[in-house]
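Working notes, structure below.
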Amino acid sequence: MEFPLLEALGAGNASNSTNGTDSHGGGGGHGDGDIHAHSGHHEQPYIILFLFASFALGALVRTLLKIVPGDLPYTVVLLVLGILLGLASARSPDFAHYTAIVHMNPHLLFHVFLPVLIFESAFAMDTHMFWKSIYQILIMALPGLLLASLLTGILSMYTFNYGWNWYVGMMFGSICSATDPVAVVALLKELGASKQLGTVIEGESLLNDGCGIVIFTMFLNLATGVEWAAADFVIFIVKVMLGGPAFGFVMSKLTSFWLANIFNDALTEITITLASTYITFYVAEVLGVSGVLAVVILGLTMERTSISPEVESFLHRFWEMMAYLANTVIFILVGVMIMEKSIHMIEGGDWFYIITLYFGINVIRLIVIIILSPATSRVGYGLSWRYGVVTAWSGLRGAVGLAMALLVMQQEMTKGSSEDWKMQVANKILIHIAGIVFLTLFINATTIKALLRLLGMSDISAPKRMTMYSAVRRVKDAQNRSFQVLKGDRFLADAEWTLVEKACEIQDPYKTKDEEVNAEEFVPFQRMSQCQDCKSMVPNEPSPREYQDMAEEARLRTLKAQKVSYWKQFEHGMLNREAVRVLVQATESAADSVGEFVDIEEIKKHWKIKGLLPRLRNKLEDLVTDKQKDQLPMPEHKFLRTVFIIVGHPAFEWSINVLIILNLIPIIIEFTIEESDPQFPEYQFYLRITNYVFFVIYILEAVLKIIALRKHYFFSHWNQFDLFIIAVSIIDIVLDNIFGNVDFNPAIFRIAKIFRLLRAMRMLRLSKAAIPRMINVIDNLINKQLSFGYDVGKGFVVGEEEVMKLIPTIIDNRSIARDLRQKSDISRRAVIRELGLLQRDHPGIAVSVKTRQSIRAVLNHSRDTIREMQGGGLLDETEAKKLEMVVEIKMKQLARAPPSIPPPNPEQLLRHISWLEGNTELTEFMKARAKLLFHDFGSTLCKQSELPQGLFLIVSGMVKLRGAGVKYTDYETQHSMDDDLEVYEDYLTSGNIIGEMGILNKQPRSTSVSCETSIQTYYISAEDMDMAFDLFSVNFLKERIWRVVAIRISTPLLLKTLAYQGWTHDKVRLRLETGYMPTNLVDRRSFEIDQTMDDVILVQGHALSPHTAEEFVAPCIIPRTIHKLTFSTDSMEEGVLPPQLLVVPNKEVIIEEDTKRRNSLYGGIGPSTTSLCLQHAAQRRSSHNLLAKKSSSSIFRRPKSGKAKSVSIALPSLETASDGTTRRRTDLQPITDPVSNTSTTSASGSLKPVVLPNQVVSREGAWSVQSADFGSEKAWEGNKFQF
């Protein structure tokens, strides 16, 4: 194995002089030997200068190609520049110093440039399309390559008069068949042509380069006189063709495993991929397998999800840059090589042969594609005749073929004349390969665009034109809104807005001339109308063909949006690596079939546990549990009851296990002692006694179990095993007593030992103690699978919800948009329901996933905050990195989160309600007033159009919401933002609250709520909520609830607007959390909107703009061009909903008045602390909190003792008297007894205590337990209510 890089950079004079002499001797040389003879020590800087000068030249070419009109491919221009450099080098000996790199060993192209190009191409390829097209690619890369090599070899043998044999002809054919369609693939991507076609062409190039090198190596050895036996030939093919991919696959798994254990370290991850690429290539070559195929498989099978999401984009950019630099150097180098190494060797007839060969290889490639078309058109994505023509014309030749031709130049003959070899074979191959490289790049690459246009493959379809037109229109709408806002800016008001509008005008990239548009050909007999933009006549409704095309284009874009959502969730840590891989694969599979969407059944399979694990777990449970024993009643007889308790106690089982372990000691001693030992008889006596003792113990154990369990003892497999061991022990004792006193007989002694060994099998019973641990291991594996399935389902639901918001921007046709939304909503609800059922059966799984995602969401926000502080100059780079490292360490620890977490008890769920959190007194009041209700499957919690009766907090189970679809309008664009769903349906699980809006506005419910499973809820009546509003008005309880509801309503509104479409759901909610709700809007009659407010959302009621007289109906976002709102006096009338606004302040400018209003919502101290230092402000704050606690009642806390406390504050409470009864008392107002529906008062104005025994109260098909202690730990055990 040669490593010529150091030789090329180290100025090896001998080889270079030889090359120069040979060139000169061939005629047309320029004295290379003289140049290198006196400039060897200067070669290294010239080579480095050539490399970086090539980079600079490539950058200049890219810049000019963007300015100069034309369709010249980048690589073709580089080739021409390389030819010009080679021409200058040939003409000027002084310039030849700078191109000395062309005299390097040709292995350099393989060992330095080829791994980069191959890995980047494979890594950047759409792996789904590649594996979908793998049969097409393999057919064209294996039999297609062999057939093309054979036909090209025949063409060269019978056309050229060089006297080549079959070996040389096949070698030459393999060189000519190695394609390098870099320019064509780049052009296909640029034109937006079929991605499947580009994948097939690029995939074929990757594989046929590797296979071509293998065939070339084999025939090169045969042509130079190396003799191979048939067996060696087969072994070589199998080893190289199969060993390379196998080694690449192993390296990809090792690399993916390494990358998966690194979190967000760009330098390390990029270094790993770079090192892995070259190590794979070099080690494969050392092992004698194909390094090219190994790197191809490495790039294709490396898990993309093993790379940190924050690093992935940077990694792709790095490899894109590496491939760009490699291509730049290679194509310039190819041009120089053509001029320096081949042009001077061309004789008169060779020009004809080169042109003949060029036409021949193109015809041969077309013939091969036609011959293989019956197979290639029936697999993968198919191959139409247009695709076949483009594939044939895209067979460019490049650096790989030229490097193989240079290797032929270096090869020495083992038999025959080396001079004849160089003159008649090596030189001729080099000039012909150089010729077809130049011609294919200069002709095929430059005309491929015209070919695509001729075949109609570069035409933009009508749906794509409509999508682009819609996008341009939305951009223009956004610009108009920006103009309106900026014209009101005090600094920008006097700008030249005519010039601004002209400079910002956006043109449609797909806009065509009027004569090219002929919409009437689709619908000749439809009613026409005039387009407002171009004044041309267009059909009012799309034709069936247009409708089908638009629907298919919208479907593909919807699936693409889903895939983007999945990757975005992965980047934010909301999906794990395997989940995003499954979802992306499901999306890509759906995109392959016309009219198909993601298969829900395939998604469901990931949380359906089947196979070996559940069966093994059931078997182990059957072994470790005795169901009949557990179901046996306690015996009535005192002695039998005592034995039953003893046998059933765990200590009895553990004692027997200890005795079994002790019994192993004499058995081991008996097997280790030799019969020839003088003390053997004495040992045997004691061992015999020990055996009898343990035998008696086992008999006693069996007798006790039989007494306790009676006939059920014989049904247990473990007991049957014990009886078998006892029988073996009996036989052992009988043999010992019969033959123990006779003369020594080896056969009998061996039999006795065998029985003692069988008795040691009792040790297997100890495995019973290990079975629970085995069950725990299996449960952990099952929980991981269920957690993974829940992760997949949750990611799918989030993706569907995000796509549903984007559908109006994806397609303008309302009918298609409605169909897409309905299909998406059906799929979303189906998966939500399945996840709810999964949470019912495995609540810990759902809690684990939700907990993990909540932690990651908080950490994401923490990291974003750190980066914002760094960007604002509040943190320097070092401090920000330290803080960010702390956050990322916690992110990495989430990978070890348990797959199952016990669900919170009802009291914890109640405490975590957002509008209760932080207020202990309010929470204790709600606990005292709440009832724990149990609802059967199918029962109804509340019906549509009925008045709200109270709040329901779902403790466990799942409910279904069904009601009318929400209707609202984007007043900024005047576009309807209806959800196109006549009926709204959704599912809610534990932790969600039902009825908040109804409690606030006292309006009939808009949805019905029914139980999809048996559920448990906390119920707080409307009367208790009204009481809480009165009692806790100082704590702004109603305002807190309004703010929570307003944020919930506003989130989907903002997500559907253009300004927030790139935002995640959590990011929008965090933005809304900074908002506040102005109070007393009805009394104020108007509301001023100034520049300190980013968004104003009308959550309830109506509002008017006094300037435009435009009416806004909730829910809606107030356009930013509106600066004042007025409210009608009708809002003060009964039955009319008062207006409610949510104001989101500007990030940069928040006036002090807004800050005070927001602080007041959270019980801020007030402006008095602003004049204090930090220490006294903290003391003042502590004193304020202490006074607040002293001034409020502590009766909401559950008394720890049974003694009732005397309370002087006038707030309702529950207390427990010494007799154990629950008492409700108050000192100011009467409380109605829920049992008798009466109230009692004393003469002094205070209530007599109403005694409420612990009881079961029935309510609307539900049953509940009404007690003061229903939230305690004793009452709630194992997620079941204990009576």
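Cβ from N, Cα, C; glycine included.
Residues annotated as region 'Disordered' in TrEMBL: 11-35, 1215-1246. The transmembrane segment feature in TrEMBL is assigned to 46-65, 72-88, 108-125, 137-160, 228-250, 281-300, 321-339, 351-375, 387-409, 429-452, 643-669, 689-709. The domain 'Cyclic nucleotide-binding' feature in TrEMBL is assigned to 921-1021. Residues or ranges marked as compositional bias 'Polar residues' in TrEMBL: 1234-1245.
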Look at every Cβ pair spanning the transmembrane segment (429-452) and the transmembrane segment (46-65), keep those 6 or more apart in sequence, and say whether at least 3 of them are under 8 Å.
no
Test of understanding: applying the rule of at least three C-beta pairs under 8 Å (pairs 6 or more apart in sequence), is the transmembrane segment (281-300) touching the transmembrane segment (72-88)?
no
For the transmembrane segment (351-375) and the transmembrane segment (137-160), check the count of CB pairs under 8 Å (sequence separation 6 or more) and say whether it reaches 3 or more.
yes
Please give the sequence-distant neighbours of the transmembrane segment (281-300): residues at least 6 beyond its ends with Cβ less than 8 Å from one of its Cβ atoms.
1, 110-111, 114-115, 118-123, 125, 127, 130, 206-207, 209-211, 213-214, 239-241, 243-249, 251-252, 255
Can you break down the domain 'Cyclic nucleotide-binding' (921-1021) into helix, strand and coil residue counts using DSSP?
15 helix, 45 strand, 41 coil
Out of 137-160, 321-339, 387-409, what stretch is closest in contact terms to the transmembrane segment (108-125), meaning most Cβ pairs under 8 angstroms?
321-339
What residues in the same chain, six or more past the boundaries of the transmembrane segment (321-339), come closer than 8 Å to it by Cβ-Cβ distance?
51, 54-55, 57-58, 75, 78-87, 89-90, 99, 101-102, 109, 113, 116-117, 120-121, 182, 398-399, 402, 406, 434, 437-438
